[in-house]
Each structure stands twice: as structure tokens, then as C-alpha cells.
Amino acid sequence: MGGDRLENKTSVSVASWSSLNARMDNRFATAFVIACVLSLISTIYMAASIGTDFWYEYRSPVQENSSDLNKSIWTDFASDEADEKTYNDALFRFNGTMGLWRRCITIPQNTHWYSPPERTESFDVVTKCMSFTLNEQFMEKFVDPGNHNSGIDLLRTYLWRCQFLLPFVSLGLMCFGAVIGLCACICRSLYPTIATGILHLLAGLCTLGSVSCYVAGIELLHQKLELPENVSGEFGWSFCLACVSAPLQFMASALFIWAAHTNRKEYTLMKAYRVA
């Protein structure tokens, strides 16, 4: 009798432990899958924001004429030696957009040297873009934009460099975290996902830092170069993608760390329960 009771008690304990283990595995697996989906979405958003040219957009009246002044502005904008003031003046006047890598303006498709074209229904415009070279990305910003004798503005210089570098650091951290997560799946263990969660946390901080640097840089620039009359500016959808990517990275980080930490803790408790 005593042996039968002990055997029955042991069977119930094993069954209870197996049921509890299955429920825990399902819960952690669900958290892991959700975190992976959030990580994938944030990576796509971050990559799209880096590769597009709509971090900031200017809205100005359409410049329909091709006067000598406008021709000069277009030529200077397309020049490899265009300084900060030169290309920003063009962005202000010609519905410019700016990304991390390129700057673009919208100008009439057909130019006329002899007289301004009349506005018609078939009036077409074309977008002209110029890429920032690596030299321009790391070039010093001046206290008075365009005036090389006004001294270096260290704050704007480092804000520009950070807004360029941090998104790539963020993307790299997420990709490295994805490799560690893949290793966790192969090993069938949630322990390595703590590192994945930490990497996503750092990536979120980098993205948030990049967004903050960009906002601060734009505000400081507009204090130096005031927008002309009838010209307005606003942050574009590329900037919004980066803003959305940051909280997704934080949520993915929280789920990765929670799943790994709680799984380790409860696995230890279950081990102790099984031994007892």
C-alpha cells in the first residue's frame, strides 16, 4: 500500500511538472516570437529611414521662372564645393528635402534663359538630388554658415556627425542581436537572448540619440539661417520611421530580457521542486 501511494504521488508530481513546463515554454516562446517580430519591423523602419531623403521637408512657393539668380542657385547647389549656406538657400527656395545622405530640390523641368515660362497645366518640375560626400559628413560647421572666418561651431559639428553615425550603429547592433537570437534558436535555449535584449536596448538608445541630434541640429540651423517669408519646414516621414523604430527596439529588448531572465529563474525553481 505504501509503495503504491508513493508511486502514485511520484506520477502526479511528474505530470504536474511536465504540464507546468509546457505552459512556461509556450509563454516564453510567445514572448520570443513577438520580440522577433518587433525587432524585424524596427530594423526595416530604420533601414528605410536611413536610405530615404525625407527627414526634413521645406514648403515654398513654386519658382516658375528661370532667372539668372535661380540658374545660379541651381548651379551652386549641384556643385561639389557647395557650402552649408549655399545648399540650404536652395532647399528653402525650391521645396527642398533632406536626408542623412542626400539633399534634393524641385525645379522646372524645362529651363528658359531668355524669358520666364508661363504657368500652364503642363508645367512640369523635376527633382534634382546631390549626395553628401564623406568629407561633407565630417566637415566642420561654422558659427555663421558659409563664413569660414566665423569660427567652428563645435556643437552643430558633433550633432551632425552623431546624426549620421548613430543610425548605422543602431542598425549594426540589431543585426548582431539577430545573429545571437538565431544561435539561441539553434541551441534551443533562451539564455543567449539576454545579450540580444541588451543589444536592442543599446540600438534603441542610439536611434533615440540620432533623432534627438537631428532635431537639435535643425533648430540650431534655423536660428542661424532664418526661413524666408512664405517658406515653412516640417519633419518628414523618414524621420517619423526613425522615431517609431526606437520604441519598437525598446519593447523588443524588454521582451527578450524578460523571457530569458524569467525562464532561467523559473527553471531553477522547477529543478529544486523536482529534486524535492
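Glycine residues also receive a Cβ, built from the backbone N, Cα and C atoms like all the rest.
Remember, TrEMBL labels are computer predictions, not curated facts.
The annotation transmembrane segment is assigned in TrEMBL to 28-48 (among others).
What TrEMBL records for 164-187 (among others) is transmembrane segment. Same-chain neighbours of the transmembrane segment (164-187): 36, 39, 42-43, 46-47, 49-50, 100, 137, 193, 195-197, 199-200, 202-204, 206-207, 209-210, 213, 242, 245, 249, 256, counting only residues six or more beyond its ends whose CB sits under 8 Å from a CB of the stretch.
Annotated transmembrane segment per TrEMBL: 199-223 (among others), in sequence order.
Sequence-distant contacts of the transmembrane segment (235-260), counting only residues of its own chain at least 6 positions beyond either end whose CB sits under 8 Å from a CB of the stretch, comprise 28, 31-32, 34-36, 38-39, 41-43, 45-46, 48-49, 52-57, 97, 99, 167, 170, 174, 181, 190-194, 196-198, 200-201, 203-204, 207-208, 210-211, 214-215, 218. What TrEMBL lists as transmembrane segment is 235-260 (among others).
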